[in-house]
Ligand SMILES: Cc1cc2nc3c(=O)[nH]c(=O)nc-3n(C[C@H](O)[C@H](O)[C@H](O)COP(=O)(O)OP(=O)(O)OC[C@H]3O[C@@H](n4cnc5c(N)ncnc54)[C@H](O)[C@@H]3O)c2cc1C
């Protein structure tokens, strides 16, 4: 039976831009039609591929997305309401396995379950990483196409830098020379000032040796503290759904979009009589009661993200034969690296109690005030919720003579790549907000972590969630760098600019042991997982995809999402994913001559 597809998004009166239903398809729309490509997952990677391939009206694409529409979802559209999306109907709501180094705590692991994927629920921070990160990718894959210089074209295709919504003078806040003004995803500086902005800027002058100001962390040289750029335009989230899959693109007659449709497996394509040919996809729209199969004439592109891409592969019999056998899944293609190399940045959100009421929680715990600022946003796209609640990020390195480098080599991609990140937030990021107190949060995380985890299966049922084991802090380096990052935030806040502002630290821990315990109690995942279907050079015996993102040893199957990163760049991961996907679209077009 063919089921209609329903949109179940929460419709809120937001004006025509958000009130119209998305253009979606039903199975009947393409029965008897030939589909050139089927793309699985409409997030950062999948949105780009669906858009770029359908630029050619002769190419047909079916985009399959497990979640529903983004249309009319206020918390998705208004940047400052992002916190409400966690643990909501638009979140897959994964949970990690107990993390040994975190006192066996399990962690909430959000991912977007919605058109736009995680770009519809993320915090919108726009960071590319350091040029050395991409040069290392080129080195690992033996493909110069992945180098920083050669990716510039794709960075520019993706970005459309726009003025902030309050139209303040942005001179000295970014470098226009390193940005693109005619790409597709809107990017802007903050549109509403935060109470801590002047103090932060003053600290970069006062302590310029240790915490230098960086005019633009997205120039390829990331080190220092700079103003946040975010994927926001006109005070509104710019996601893969609103940009690459925006109204003028999603309505293309050659693009079909199936929402609320879960892919279970990819299958060998029988009519081709080739063992290695995978162009068919099995999916369900009713939680497995009925299943359907569709075959692409050219390629399947899996873009289901770092957790679900290896999950789909393994359920299809593509993975480590030993692990598959133990679950009774027949191995169709032995590829041991599937699900390995999971790389993620753990984060500790260090909350200082402050002597101010001009912070996030003042609004977050007052329903009347929250309703007022929401109304202001709906009427004029102005006010405090035009931004996420942070205006500065720092990318910093450990001193060269740090004792840890006597034990382990420097894991950063090069001497201009950070070891840790500081995210400076005007309030506590937790949701719901703490019942009392006002806070300044300095989140600390290793930007070049060395721990590696896994994605594995716990049953042969593709509707069950994967096992996500980050294996956090399994290396001495990761613990060392997070301890030192915390100590350095204390130095930052000891600057005169903060006199009278800080009332109490997040912890009284000072020794390594005490800090380790504090980290174990408080670390979480930063939501930047990558690497579980990593690319490697054509000749490498490890890895899942080749540098053209084709699954090694198979035909017809490509992967385009954050799972293919061979290493985590010192960055938040949406922009690197967009960049990968923009290049992937060209690789696919070149391959098929379309
Ligand atoms: C809370 C949060 C905050 C973040 N903040 C930032 C930030 O500020 N800046 C930044 O750069 N990055 C941020 N990120 C990370 C960033 O959004 C992701 O790295 C990026 O979206 C990854 O893109 P992707 O294409 O790999 O996966 P996704 O964007 O997750 O897309 C995968 C898509 O596949 C769909 N899918 C999965 N399985 C199936 C299936 N079986 N069948 C059909 N569809 C399926 C999913 O529903 C989803 O739509 C954040 C992430 C989270 C969770």
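Note that Cβ sites are derived from N, Cα and C of the backbone, with glycine treated the same way.
According to TrEMBL, the protein carries these features:
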type	residues	note
SIGNAL	1-21	signal peptide
BINDING	118, 263	FAD binding site
DOMAIN	305-319	domain 'Glucose-methanol-choline oxidoreductase N-terminal'
ACT_SITE	528	active site, proton donor
ACT_SITE	572	active site, proton acceptor
### Task
Please report the DSSP secondary structure of residue 118 (FAD binding site), reduced to three states.
helix
### Task
Let me know how many other Cβ atoms fall within 10 Å of the Cβ of residue 572 (active site, proton acceptor).
24
### Query
Hey, what's the Cβ neighbour count for residue 263 (FAD binding site) at 10 Å?
26
## Note on the structure
The number of other Cβ atoms within 10 Å of the Cβ of residue 118 (FAD binding site), counted over all protein chains shown, is 28
### Query
Using Cα coordinates, what distance in whole Å links residue 118 (FAD binding site) and residue 528 (active site, proton donor)?
10
### Query
When a 10 Å sphere is centred on the Cβ of residue 528 (active site, proton donor), how many other Cβ atoms does it contain?
25
### Task
Mind looking up the mean pLDDT for the domain 'Glucose-methanol-choline oxidoreductase N-terminal' (305-319) in the predicted model?
98
### Task
Let me know the DSSP-derived helix, strand or coil state of residue 528 (active site, proton donor), please.
coil
### Where the residue listed as 'active site, proton acceptor' sits in the secondary structure, as DSSP reduces it to three classes
coil
